[in-house]
Amino acid sequence: MAGQPPSRNPFSPQTPSPYSQPSRQYSAESVGSDNYSSRNASSVPLAGPNSYYDQNTPISGSTDDGSEFHRHYAASIDSHMSTGSQYQGPFADLPGSKEPYPAWSAERQIPISTEEIEDIFLDLTHKFGFQKDSMRNMFDFLMQALDSRASRMTPNQALLTLHADYIGGQHANYRRWYFAAQLNLDDAVGQSQNPGLQRLRSVKGGNKSASTKSLDSALNRWRNAMHNMSQYDRLRQLALWLLVWGEAGNVRFTPECLCFIFKCADDYYRSPECQARQDPVPEGLYLETVVKPLYRFMRDQGYEVLEGKFVRKEKDHHQIIGYDDINQLFWYPEGLAKIVLNDNTRLIDVAPTQRWTKLHKVDWNKVFFKTFFERRSLAHLLVNFNRVWILHIGFFWFYTAYNSPRVYAPHNKKLPSAAMTWSATALGGGVSTMIMIMATLAEFSHIPTSWHNASHLTTRLVFLLIVLGLTVGPTFYIALVDGKPQTNNIPLIIGIVQFFVSVVATLAFGLIPSGRMFGDRVSGKSRKYLASQTFTASYPTLTRGARAASILLWVLVFGCKFAESYFFLAESFSSPVAVMARTKVQGCNDKYFGSALCSNQVPFALAIMYIMDLVLFFLDTYLWYIIWVVVFSISRSFFLGISIWTPWAEVYTRLPKRIYAKMLATSEMEVKYKPKVLVSQVWNAIIISMYREHLLSIDHVQRLLYHQVDGPDGHRTLRAPPFFTSNTGNSGDFFPQGGEAERRISFFASSLTIAIPEPLPVDAMPTFTVLVPHYSEKILLSLREIIREEDQNTRVTMLEYLKQLHPVEWDNFVKDTKILAEESAQFDGTASSNEKASRADDLPFYCIGFKTSAPEYTLRTRIWASLRAQTLYRTVSGMMNYAKAIKLLYRVENPQIVQRFAGNTDRLERELERMSRRKFKFAVSMQRYAKFNKEEQENAEFLLRAYPDLQIAYLDEEPAGKGKDPRLFSILIDGHSEIDEKTGKRKPKFRVELPGNPILGDGKSDNQNHAIIFYRGEYLQLIDANQDNYLEECLKIRNIMAEFEQYSISGQSPYAQWGHKEFSKHPVAIVGMREYIFSENIGVLGDIAAGKEQTFGTMTPRTLAWIGGKLHYGHPDFLNATFMTTRGGVSKAQKGLHLNEDIFAGMNAMGRGGRIKHLEYYQCGKGRDLGFGTILNFQTKLGTGMGEQMLSREYYYLGTQLPMDRFLTFYYGHPGFHINNILVIYSVQVFMITLLYIGTLNKQLAICNVDARGDVLPGQPGCYNLIPVFDWVHRCIVSIFLVFFIAFLPLFLQELLERGTGKALIRLGKHFLSLSPVFEVFSTQIYSQSILSNLTFGGARYIATGRGFATTRISFTILYSRFAGPSIYMGMRNVLILLYATMAIWTPYLIYFWFSVLSLCIAPFVFNPHQFSFPEFIIDYREFLRWMSRGNSRTKASSWYGYCRLSRTMITGYKKKKLGHPSEKLSGDVPRAGWRAVIFAEVVWPLCGAAIFIIAYMFVKSFPDQNGRQNPSPLIRIAVIAVGPVVWNATILIALFFISLLFGTMLDSWTKFASVMAAIAHFLCLIGLVAFFEFFWFLELWDASHAVLGIISIIAIQRAIQKILIAVFLTREYKHDETNRAWWSGKWHGRGFGTSALSQPAREYIVKIVEMSLWSSDFLLGHVLMIILTPPTLIPFIDKLHSMMMFWLRPSKQIRPPLFSTKQKRQRRWIVVKYTVVYTLMVALLVALIALPALFRDHITFNCTVCRNI
């Protein structure tokens, strides 16, 4: 080796041998101390081998389970590793892989041969005790990475840049960590003094004098050390890093912890004792001593062992030390100083070379602590987004204070003095400062104060208090001197100064990130902030143009907003304020409060109006944001060249030229072949692939292909297809109208008009991997699933449904099958002799796609269906198009290969296979593979047979003995692995042991993490198991890789003196794509979902990515694998907190300096479930996920550190959308209350008439001028209306751009005709409700609604129980308020509000297929009645009682006892909600609401009646009517309790006893409620509007009572419903309560009181909903119309009605008749109770003294 010429290693000029250079990785001072010189094997002293641990502990007795290290690890393939050169990589058994890593072969001047690399791996494995299989895996990993890079640069440069990416380059995470944690100081000081103390002193600014220690020189020294390192050492470091990473398991989520482990290992390797060591340490030592202790700590944070099972601990996020907290310990030197060993010495006091041997002694439980508290509270919104609140509330104050002078004018004057006006307006600054102070105090509760970051908070707080004094103080002075006779202008000057100070303060707080005030954590030079800068604030810089666009966008948005809001909101608000500010109501009086409350009704109303205006002020911003983003997006798309307005013909006729120019790497080719020949191969391949997918029929294909024809001179020539030559733009000639083929080809054609980066030749392109996490999604549909109805509600089989959706494709499929069948028939000699056999023979084909049930035919139908549903098979076959694309491109661009293998197609195919296998890997991470049932097993096997190159990574468990954890392995197999005769399973390629069960979080991210060690190459595409891909898109793969900007890497060394400058650009971390929702053709909901995706997935990202605000939005995105895996993996995984795991990867990448791009020219298919329930489940998941994100530290870092324009981009792009939804719903509720208050004024006061100018006409004594207020109401309604409808603008414009005006208008019209605004309102409510409930109670729970087709009818009860809590209750309360408002102040504008409030109640039913079919409707009614009364004597899966219990467990939580009852399966694990949340949300808030309504009611009743008599006290009246029913229920219940106790045991044999008792109680309670209502109706003397107002207040009071009873008096719930059945049947013994059998009845008594009220209100509410839904059912043919509205299908195309047997028909008819009568009676009764008394009011007069006094 040493004899080779030095040219082999250009970096060691002094010595021929590449190995003898002492490695200078660390700073120059350390080279002197001999420990560091690199010792290679030739110079190691052959002393006695030191034992692995410290000398004094011999290895056998070192730990209790020393024997464990000598476990036998079964080698998975007989380890070829040591056999030297014969080893060809683990995939040597594939045909055609002669040279496993072609670019790394001897003739290419490689710096180190494959055999030497192998020796390095073996050596490291022996020294550190890595697993053999992990070593083989990582060896293959590194070789593939080197092969991938070396195919486009010299092998030397490949190794250099790889080392720079992982270890030493500018953007390598290890290097950044090394300096952030200030290890350069640690290594520089040497062992002379105690290093730990030295280092901590240096942080505080002690010995900084020595200039050598300054950061810049340290960075230069690092670069030189890296530059002078030998290639051998570089490779050894890479190998060590990979081996450490490859076995780390869940520790991979903590990247800086890995850096620390690697540093310890690297230092130890350089130490004399490691080099002296001869015999290998036991295999698995690293896993056992380093990884497992850390893993156990992570696991025990969230789980505890109960009876041998892991059970989730009841901790919320702020009590769990999660991955991020563990990781942040390693960021700071102070953190590393906390790492202590068992004997309480600190790890950093040990010499660096010895630390590795001490790692197993660290007691991790003492080390870690929380570094950020994710407490559940709305305070996060305040801290993270304080700038948004300041900009809005501060400016709102400036505007309104200036515009409402009457409020603070002195009593005797109309207007205040000038000084006072300036000063009052200036208080806005005080408001902003208060917000900052609150945010700072809240921040104290999120950050551990022991840490060195609390100091700047205290400074900030002190400063803010001073500013508060400056902005508020002067007002007091001015108020004191105001009105006194004054000669000088001092107050005025002070006021003006105060105003300008305030404006400056507001702007400063609103623009400067709070993280940069007082101690700049973003760009401060102090070493103290270095770590948080490195890991949370190294935002990638934007280009000049993008930054300018970003600033311009926000200047425009806020400019428009502040201008519009001033004139539309603030100025127009001044007239109502002027009218209302001084108004006192006269002549009202209350028995107890006198005139104190009622005379102030107008100021109350004014206060609520102010709040309303503030909410609108927030909504305005979002409106302008959408408008401007759309404008920017459109202009951007013209700039990129994507638009409809390029004429079609031109797009198609130029397509061949564009394919040649943009998709083929033609610059490298010899020009022997005409471009036409090459293009024709690509184009024909695309068309034929579509034909194979049954998208095109034969005659279409003929018109689209290139044909060979005889030319005029006898040569054969290629004729271009008429599609290119004579395309008139009438697409029907070439492909099915409006079909998938048309969409794909037109997207393909128009996408190539965009500028696209140049591709590289196939053999030079980088290797990449597609990774699909799979849990239990369908792999392939079985025959049963396709041709059998799922239940009575579906009405249709899967196959029929798919035939409805894809009629053309089914037709093509059938024709194909018939041809096949005929061929095989002729082949068998059974062809039918009779030519005229009727079409009846073909019926089976058209119905189910096969005639003989031979498996090859049924399989075809199964595959056809699976490719159109959301199956894994569809994903795999779609992604395997990459392999086809690579083969195709390789063949087209290298015609010489085709000639070389002329005539030998097998060898040609093998050569192509070899190339595609080298460049593209596909891994599915099936975590359950080992536990699959027989059917899933067969389907997986089918996948492997169909696609032998598919790799499956799965988890395998080896059960351990008693008391030990089972061992888990990550296993990789593929279609080439041979099958083991004994077990029948495939033999694994790699089998790597994990530290324990990897699934600690929500599953998906853990699943990705366990399989990530099997990815290969440089890039990673993460795909969900519901996506698809197309051949023509896959052909663009090389262009996409070019977006990572790593194709033309400069030839300089990244470490050279000048070369490193060329590597300073921020790396691209994520490249995002467009997603096409392939289920958009299913009716209105599908279209809404697809439209949302179009705008969210295409329009906004286009702008956001440009101005640097796009975060990773999921799925078809390509990741820069090295960047992501060295920074904590492709997604985060803490349970619950990282529910939307992928967006955290984006935030992580952005904070650590990765750029995120968005591509326009590539799209991936994606499926969505498009039933109403599934869309809302999805939205609930998004909402809860968003709630969790609000708590996360990523939001805290982004929100407090991003510069203003990028912060706004981030805010409005991600959380702002959801917060806007919350505000929209709030605006509706606040507006309702405003209407209520203004309504009370209008109803009770005489309103003045005014003339045209608005002056009050004379002659109206005692009138109130409220006309301006009504004008303001109209304006508000218009604002809210606009805010809702702006949601349709982006979609409309997107259509306009991509498809033209006509299509856009049609689509918009279709949306409005099919009531999509109803859906919008409803989904807004769902979003806002899910976020708020998540922030208060946590529990990212959703109740499953099943994943049927979009055509399945869901019964009334399921819909009611799913949506009552989130939306229907609130909707109904608002309906009542609106009813009052309509009676009190009717304006036509209110129609819109009726529409939106009703949609909150009835949206779920409107979008339920076949909701209005009369028989179904009545059968629903029957089911509703049964549901209300079920579940009292036996446990039922679906009953009102179960629903009621489930909704209250959110507050009470479940008991932890395990009592294996069957009914426990119905409920998950829910902890009790925190008391703070409960007190605020469940006690204070309802009480405030009740107070608001009671005040309104008391105002109305404080005026004398017609006879001039004063009303009795309204308060008592309301109290009696509200509390009455509760007392009545309590009485009934106690009576029934004793009855059931007495008779329950006697009537033991009568099973229905409990049900009967429950029915009696429910009936009596309903009677009581109705009686009290009638009594109230009578007391109000049949005045409808007063009665409605009273009912509103009563409901508010009852709601408050119920909530307080549940929240305050209830202990935790049992998992089962035994208590309920015990209560009704009177049998409390033998139910497994044990000692709590005495306390339980008391608790159950309170529960039952609440339940009775809830039951009766639900019963009435259900009837009200039914009544609202009845009128449509009576319209003839409504079902057909409704289906047209829902599915956009003509009646002829609609799905047939279900077929029933005669018996079923009879049964149904009888049910319908019977229950129609019941229903009619109930409706009549309810109507009578309200209407009859009102009609006969003159005849009904009671004389009772009690009534007069309440």
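Glycine residues also receive a Cβ, built from the backbone N, Cα and C atoms like all the rest.
Listed in TrEMBL for this protein:
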type	residues	note
COMPBIAS	10-27	compositional bias 'Low complexity'
COMPBIAS	28-43	compositional bias 'Polar residues'
COMPBIAS	52-64	compositional bias 'Polar residues'
DOMAIN	232-344	domain '1,3-beta-glucan synthase component FKS1-like'
REGION	1-68	region 'Disordered'
TRANSMEM	378-399	transmembrane segment
TRANSMEM	419-441	transmembrane segment
TRANSMEM	492-512	transmembrane segment
TRANSMEM	551-569	transmembrane segment
TRANSMEM	602-619	transmembrane segment
TRANSMEM	1272-1293	transmembrane segment
TRANSMEM	1377-1407	transmembrane segment
TRANSMEM	1520-1544	transmembrane segment
TRANSMEM	1556-1579	transmembrane segment
TRANSMEM	1586-1610	transmembrane segment
TRANSMEM	1659-1678	transmembrane segment
TRANSMEM	1712-1736	transmembrane segment
Which of 1272-1293, 1377-1407, 1659-1678 contacts the transmembrane segment (1586-1610) most, counting Cβ pairs under 8 Å: 1377-1407
Residues of the parent chain within Cβ reach of the transmembrane segment (1556-1579), under 8 Å, 6 or more residues beyond its termini: 1428-1429, 1432, 1517, 1521, 1524-1525, 1528-1529, 1532-1533, 1536, 1539-1540, 1587, 1590-1591, 1594, 1624-1625, 1648, 1652-1653, 1655-1657, 1659-1660, 1729-1730, 1733, 1740, 1742, 1747, 1750
Listed stretch, out of 551-569, 602-619, 1377-1407, that has the most CB pairs under 8 angstroms to the transmembrane segment (1272-1293): 1377-1407
Range from 551-569, 602-619, 1377-1407, 1520-1544, 1712-1736 with the greatest count of C-beta pairs under 8 A to the transmembrane segment (378-399): 602-619
Helix-strand-coil residue split for the domain '1,3-beta-glucan synthase component FKS1-like' (232-344), DSSP-based: 73 helix, 10 strand, 30 coil
Model confidence over the domain '1,3-beta-glucan synthase component FKS1-like' (232-344) (mean pLDDT, whole number): 90
